[in-house]
Amino acid sequence: MSRVLSAVAWPYANGPRHIGHVAGFGVPSDVFSRYMRMAGHDVLMVSGSDEHGTPILIAADEAGLSPQELADRNHRIIAEDLASLGLTYDLYTRTTTRNHHAVVQELFLGVYENGYFVEQTTYGAISPSTGRTLPDRYIEGTCPICGYDGARGDQCDNCGNQLDPHDLIDPRSKINGETPEFIETQHFFLDLPALAEALGEWLDGREATGLWRPNVIRFSQNILKEIRPRAMTRDIDWGIAVPLDGWRENPTKRLYVWFDAVIGYLSASIEWARRLDEPDRWRDWWNDPDALSYYFMGKDNITFHSQIWPAELLAYSGKGAKGGTPRQYGELNLPTEVVSSEFLTMEGRKFSSSKRVVIYVRDLLSRYQPDAFRYFVAAAGPENQDSDFTWSEFVRRTNDELVAGWGNLVNRTANLIAKNFGEIPKAGELTAADQALLDSVASAFGVVGDLIGRHRQKQAIGEAMRAVAEVNKYVSDTEPWKIKDDPDRLGTILHVVAQCVADLNLILSPFLPFAANEVDRALGGSGEIAPMPRLEEVDDLDGGAPYPIITGEYSGFPAWERRPIVPGTPVSKPTPIFTKLDPSIVDEELARLES
């Protein structure tokens, strides 16, 4: 057994999240975490709402709310949506908690005392019309390195290099198109060059494992070539105060939102332990060098997870060129793997809330089963390359693969048992074909589990559905509905099929947890083999306002292995597991999108 940290990207709370977001970080992390729990590992899955930064200020102004009011509203919406999708967070929290602020300031002080912050005069971008600071990501222009027209003020997505806004050629505000003014300002810069050698050694070690996706390791190594200090404070009044005399009193100096957001993985772990009244338990995942940690995100956040966050951890632990010693948290573990997904587009277009090219999670789940979307992400999502969500493909996969494949197998198995026996029948003498099928399905535990553990979820769901097809073929070949005068043989066939369905239900449960409980119930079980998260209203541990979290009791996961079915277990006629979709919804959804 290993301790496994599933560190899931923090959704930004300037609005509800769309399906492109959860396809990148949400579903893949939950499939992995569910499997790892079933495989016997001690999993801690954490995340939360990222609530600081200028985009929150802008969205709050547009909504006529304070930044805190906007964050409160959107955090609740996001938490409800993620829970409805069945994501099994041990803790989904937020960055405006007092706990998070304290942990971020502790990390800052550790990095500062070890000498990895340098104070520099730089240029800040100001909107001439509003006088408000423009964040790096709200400025775009031409990249001075590759010439790409559309580079952001913090990095160029075309060549991957880090940038500063005043480096851009012809910079302009993404808010109103005006040319920003640049004024001198003081900031703390993370001394990345002093951490470059340690970062490089860590990345080389990760590459040697052969586990990282090639695009992630290559990108991470390439950005080291142009490494330079990066500002970790901002001229803004919404965020976490800089915990130094002369700085904390300044209402317009705050820590960079990306400095604080990635620390959320640690602060959420600490909050989780505190809520258990075991305040040091988080250390089992962060200080134990044998613990494993997997970070899930979209590819636009690789830089922050394979450079900025590891650099912060190395600096706090005193592992860079300047040395140093850690403060109260001790030496902190570096990521075992950065699991980055590519982008999901929709009907050939980039998701864009402003252009209304968007399907919000809440809207999708109000009309369709969550497992239908989870299945689409696993089978056709952006695991290794960009993929496109189309309504026609969503309908096809739901109807042809879930309804006609897995759902049909479950329904006809339970119907045949209910009609002929009313309970799980005993198995008589097995034929070679019976035993071969049982052995083949049992082997899928090893094949599918290995693929999920190596973040090959598309292959994993493919192998599981191949086994479903194999069992469906066995049923068609043996034609149990035609057996009228040999109850022993009929019972044996249905026992074999029921065992295979029970096995496949466990194998598919990380992908299809809602259906897993229905299938278990159809075979006479309790319908509780796939634990679900819950929303809970809690008090801030340090005296702040109450807020909702996602948490859950996940000790009830079954083992990742065959569980022999029990003859005599009552089986009733089931209801369909999946809802067949009318092809007309394609035009309806496209019309809804255009309107």
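Just so you know, glycine gets a Cβ as well, placed from its N, Cα and C.
For reference, Swiss-Prot has these:
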- 11-21: motif ''HIGH' region' (MOTIF)
- Cys143, Cys146, Cys156, Cys159: Zn(2+) binding site (BINDING)
- 350-354: motif ''KMSKS' region' (MOTIF)
- Ser353: ATP binding site (BINDING)
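Positions of the features from Swiss-Prot, shown on the structure.
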| residue | record | contacts (Cβ under 8 Å, 6+ apart) |
| --- | --- | --- |
| Cys143 | Zn(2+) binding site | Asp149, Ala151, Cys156, Asn158, Cys159, Asn161, Leu163, Leu168, Ile169 |
| Cys146 | Zn(2+) binding site | Cys156, Asn158, Cys159, Asn161 |
| Ser353 | ATP binding site | Gly15, His18 |
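Beyond the ends of the motif ''KMSKS' region' (350-354), by six or more residues, the same chain brings 15, 18, 20, 343-344 to within a C-beta distance below 8 angstroms of the stretch.
Using the Cβ center of Cys143, Cys146, Cys156, Cys159 for Zn(2+), the list of other same-chain residues with Cβ within 8 Å runs, in sequence order, Pro144, Ile145, Gly147, Tyr148, Ala151, Asp157, Asn158, Gly160, Asn161, Leu163.
Look at the binding-site residues Cys156, Cys159 and count other Cβ atoms within 10 Å of each Cβ; Cys159 has the fewest.
Counted with DSSP, the motif ''HIGH' region' (11-21) comes out as 3 helix, 2 strand, 6 coil. Mean pLDDT for the motif ''HIGH' region' (11-21) in the predicted structure: 95. According to its DSSP assignment, Cys143 (Zn(2+) binding site) is coil. Secondary structure of the motif ''KMSKS' region' (350-354) per DSSP (helix as H, G, I; strand as E, B; remaining residues coil): 0 helix, 1 strand, 4 coil.
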